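Notes to accompany the following structure.
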Amino acid sequence: MLRSKPLPPKIQKFSAYVCDPFVNTYDSQWLANAELADVVVVGGGVAGLSAMKTLLTNGVSNAVLLEAQDYVGGRVRTHREGDILTEDGAEWIHGGETNRLYGLAQELKGLTQPLPDSDYDFRLRTQTGGNADENGYDTASKLYEVCEKNSVLKKYLKFGYGKCYADRFDKQYTRYEGKEQEREAWRHYLEMWVNKDTGLSDWNDQSAKDADYFTDWGNDQWNQWADGYDTLVNYLMKDIPESKVKLSSPVCRIFWGNKVEGGSLGGRVLVVTADEVSYLANHVITTVSVGVLKKRHAEIFTPALKKSYRKALAVTNLGIADKVQLGWDSAWWGPNPLSLQIIFTESLPAEMSWLEGVMEFMTIHQQPTMCQAFVTGEYAQAMEALPEETVKQHAVWLLANATGQEVPEPTFFRRTQWGLDEFMEGSYQSYVTVNGARRILKNRKPLSKPALRKRKPVRLSQSLCGFSQKNI
């Protein structure tokens with residue numbers, strides 16, 4: 001497939017960021033009126049909630065959690081609407097029993113098992129509804145299995161993660177006797193498959209060396225929470241009094257030096273929110289997303305973060321993976337769960353070209369009349385820029401054309417916009433660029449080493465220095 005028309009331009013964010021008025025400013029009243037706290041936790045995602053739960057259960061009662069959004073959970077966000085339950089963010093417990101969440105879900109009697117592959121109505125189609133070559137799918141599936149193994153990546157450590165797939169594709173495709181007229185379409189399908197599981201725009205954006213450091217979970221079991229991923233959020237919140245959580249409280253400034261204008265901090269940290277509520281804390285735990293930290297750290301922290309952290313952030317990005325979800329009163333595609341794999345043998349009109357980032361529609365687990373597609377990277381950004389009704393029309397068009405069936409008007413539609421969320425700036429995992437891994441961040445271990453200031457450690461949160469291939 002050759003794209004003859006460019007993707008539509010990414011949406012521009014013209015509205016001012018809530019913390020813009022605080023850049024390079026200081027008000028003596030912040031220190032004078034500051035509430036005293038032992039610990040301030042910045043960010044109410046799973047990391048922040050876990051930190052808060054740990055503090056409280058270990059006797060640190062004078063702690064407060066500041067969350068920028070009007071909900072807790074971060075990228076764990078379950079949507080309920082009548083009998084409908086969908087996930088905007090995290091959906092699976094990856095790795096099965098090797099993931100500690102698997103045991104927790106069992107303990108809470110909240111674990112549900114995936115359906116066997118044989119239960120699905122599995123279809124391989126072109127975007128116009130023709131039957132796609134099964135040999136092409138087998139090629140993509142085989143290469144995905146091979147290059148996901150850490151041991152295979154060792155010969156590609158100087159290159160982008162996608163080079164493993166790209167170098168092997170033609171030989172494998174020929175060996176499997178794939179149709180020549182579909183070769184490029186299946187190559188694109190494979191890249192979209194890889195990007196769906198990494199949040200990349202281009203499969204060579206991430207360093208293979210960085211990918212090699214991630215945990216290889218082996219065969220994924222695709223387990224899920226029976227009553228929504230927010231079961232985890234509710235479990236964490238059970239031990240956290242509501243009075244300790246301040247919603248809609250974006251943190252704009254963190255002063256962690258010896259003093260500020262007009263006063264000494266006394267070895268403590270001054271935290272200021274967008275509402276100019278301030279806290280003077282002995283310790284601050286910052287768990288904001290890597291996307292926000294990368295974009296805003298120079299505006300938030302005074303003095304600046306240490307140079308090694310700043311250099312690391314410069315070569316680290318947060319991927320983006322959005323979901324497009326549709327539902328109907330009944331399953332128009334048939335009685336079995338749908339697994340619709342799509343290849344694009346021709347380019348789409350520019351406004352619809354975000355659809356080329358979709359490689360499958362699948363029935364949502366425990367929602368037999370609903371299906372969803374993932375869209376990542378530049379395709380996700382293009383989708384986010386379009387009106388919601390337009391995105392729905394495009395998705396229905398693709399489903400109708402690829403299946404050759406009449407698709408009724410959806411009774412439910414939802415799409416995520418993680419890239420436009422100024423308190424997230426993306427979703428999925430963080431990754432180190434190729435040049436970054438070569439010159440600056442050969443591995444993430446240095447990021448886990450704390451810097452000391454006044455004998456107190458300063459360290460980055462696990463979302464940047466962690467080693468897990470999959471987010472929770």
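Glycine too: its Cβ is placed from the backbone N, Cα and C atoms.
In TrEMBL, annotation is done automatically, which means it is predicted and not curated.
Record features (TrEMBL):
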DOMAIN    46-446  domain 'Amine oxidase'
BINDING   E67, A68, V251  FAD binding site
BINDING   F374  substrate binding site
Inset, instruction - May I ask which residues of the same chain, at least 6 positions away in sequence, place their Cβ under 8 angstroms from the Cβ of V251 (FAD binding site)? - result: V42, L66, A68, V271, V272, T273, A274, T286, V288, I300
Inset, instruction - Run through the Cβ atoms and count how many others sit within 10 Å of the one on A68 (FAD binding site). - result: 25
Legend entry - Env. residues of FAD site, Cβ within 8 Å of mean position of E67, A68, V251 Cβ: V42, G43, G44, L66, Q69, K246, S248, S249, P250, T273, V288, F423
Legend entry - Coarse DSSP state, helix versus strand versus coil, of A68 (FAD binding site): coil
Inset, instruction - Using only the Cα atoms of E67, A68, V251, which the record gives as binding FAD, return the largest interatomic distance in Å, rounded to a whole number. - result: 8
Inset, instruction - Run through the Cβ atoms and count how many others sit within 10 Å of the one on F374 (substrate binding site). - result: 25
Legend entry - Same-chain residues at least 6 apart in sequence whose Cβ lies under 8 Å from E67 (FAD binding site): G43, G44, G48, V245, K246, L247, S248, S249
